[in-house]
Amino acid sequence: MTMPPTGKPAGRTPGRRPAGLHRDRAPVRHPSGPAPGANPARAAAMLLLQAVLDRRQGLEDALDALPAREPRDRASGHRIAAAVLRRLGTLDAILEPYLKREPPSEVREALRIGVAELLLLGTPPHAAVSAAVDLVPKPFAGLVNAVLRRIAQAGESALEGIDADRIDTPAWLWTAWHGAYGAEGARAIATALRQPAPLDLSLMPGSPVPEGAILLPNGSARLPAGTRFSDLPGQEGFWAQDVAATLPARLLAVRPGERVADLCAAPGGKTAQLIVAGAQVTAVEKDARRCERLRENLARLGLTAEVVLADAAGWRPPAPLDAVLLDAPCTATGTIRRHPDVARLKRPTDLANLVPIQARLLAAGAAMLRPGGRLVYAVCSLQPEEGEGHLRTAAECGLLPDPIREEEMPWLEEAITAGGNLRTRPDYWGEQGGMDGFFAARFIKA
Ligand SMILES: C[S@@+](CC[C@H](N)C(=O)[O-])C[C@H]1O[C@@H](n2cnc3c(N)ncnc32)[C@H](O)[C@@H]1O
């Protein structure tokens, strides 16, 4: 099995291997998933981890594909898998001294789950160890039991000396963030990404703030991390949208009656904002399944837009538009708090493949505008190639910069760059629970 990158070099030097805990023998044949009779939540966590790390499937897709089980077990399995993905480097560094050879996938995942439960999730040691043992086939039960008991004995001291910022961040992202945000910035981002994200809601006009939520300066309602959208009553009154994700549509400042295209629109958070602001919106989305979700979301909120299933790079409106919002497909590295699988799945080749797609979409967006029309380009990425890197492309498409002014967002001045673009980071508003990393730039068509 190929292990995902752990960022080992800058982490802790592996300690001495404790005697007697490994067996130097070839792995036996065994079933590849959780053992029959395993605890259903832990079994779900293992299946999710195998889907992401072995088959490179997205965590949300893997969750959709899980065999039927109680919603509580699914949620708990998701929470455990997300914790493992967030702290994969740390968990592997703790396990490394105990493993002489690479164990089979399900044993590796059972060990990771066990250590996460012991050291990160506060599960009582006895329950964490026995649940992990139950996940593996009999021949591996002794190994898992012995390793986890040792780690349980060490307790939190097992985490000492581990540079979690570094070791839980894939090496290519660490290097890129150092280059873009400096050593301190890269560390602040990595620290913020280890925290699960709160649930932010954008409210329909006149809708009450849901119980237990705090109101953020931009008007979003924030509920604590771990809150499930599906559990909330009154869903016709709000939609889930990170506070940073609300900013690009806000920057477009559409006026009632303006004709606006929302390119790359599903699941529709920004479409909803534009409609609520009074624009006549055409939402363009190329994925049929996501397009359906967008329609469902708008219907739930009682909002209307023209929804077009098309590749936005080729689609053109019947007449030039007043404004375009382009929320381009990207590596999504700004959303790792919410989607910890992104850190394990995305690679530099994805970045290289996405940059030309973003440039094509930007040129298409520019071509849709009337002279004097506005365009906001946005990505939920922390990689400068996907953000600042496109300013030149924009100029080549006849788009003039329309710098963002601090008074437009006096409550988030730190996110407005010297050049008048928006750059949010997961460590901003850290004390209130942070935000996704976004880049946005605003232009006027010449
Ligand atoms: C970052 S998400 C958009 C989020 C959305 N704007 C919102 O606020 O809810 C990117 C979306 O772009 C869609 N997409 C990617 N390439 C596209 C293209 N060439 N044309 C249209 N949609 C595209 C993807 O299917 C995905 O739904």
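Heads up, the Cβ atoms here are built off N, Cα and C, so glycines get one too.
Note: TrEMBL annotation is automatic and uncurated.
For the S-adenosyl-L-methionine site, TrEMBL gives Cys264, Ala265, Ala266, Pro267, Gly268, Gly269, Lys270, Glu285, Asp311; the one candidate out of Asp242, Asp327 that the record lists there too is Asp327. Asp311 (S-adenosyl-L-methionine binding site): 14 other CB atoms within 10 A of its CB, across all protein chains. With respect to their backbone Cα atoms, Cys264 (S-adenosyl-L-methionine binding site) and Cys380 (active site, nucleophile) stand 13 Å from each other. Within the same chain, residues at least six positions away from Lys270 (S-adenosyl-L-methionine binding site) with a Cβ under 8 Å of its Cβ are Ala245, Pro248, Ala249, Asp262, Leu325, Asp327.
Taken through DSSP, the compositional bias 'Low complexity' (31-40) splits into 1 helix, 0 strand, 9 coil. Counted within 10 Å of its Cβ, the other Cβ atoms near Ala266 (S-adenosyl-L-methionine binding site) come to 24, all protein chains included. Largest Cα-to-Cα span within the S-adenosyl-L-methionine-binding set Cys264, Ala265, Ala266, Pro267, Gly268, Gly269, Lys270, Glu285, Asp311, Asp327: 19 Å.
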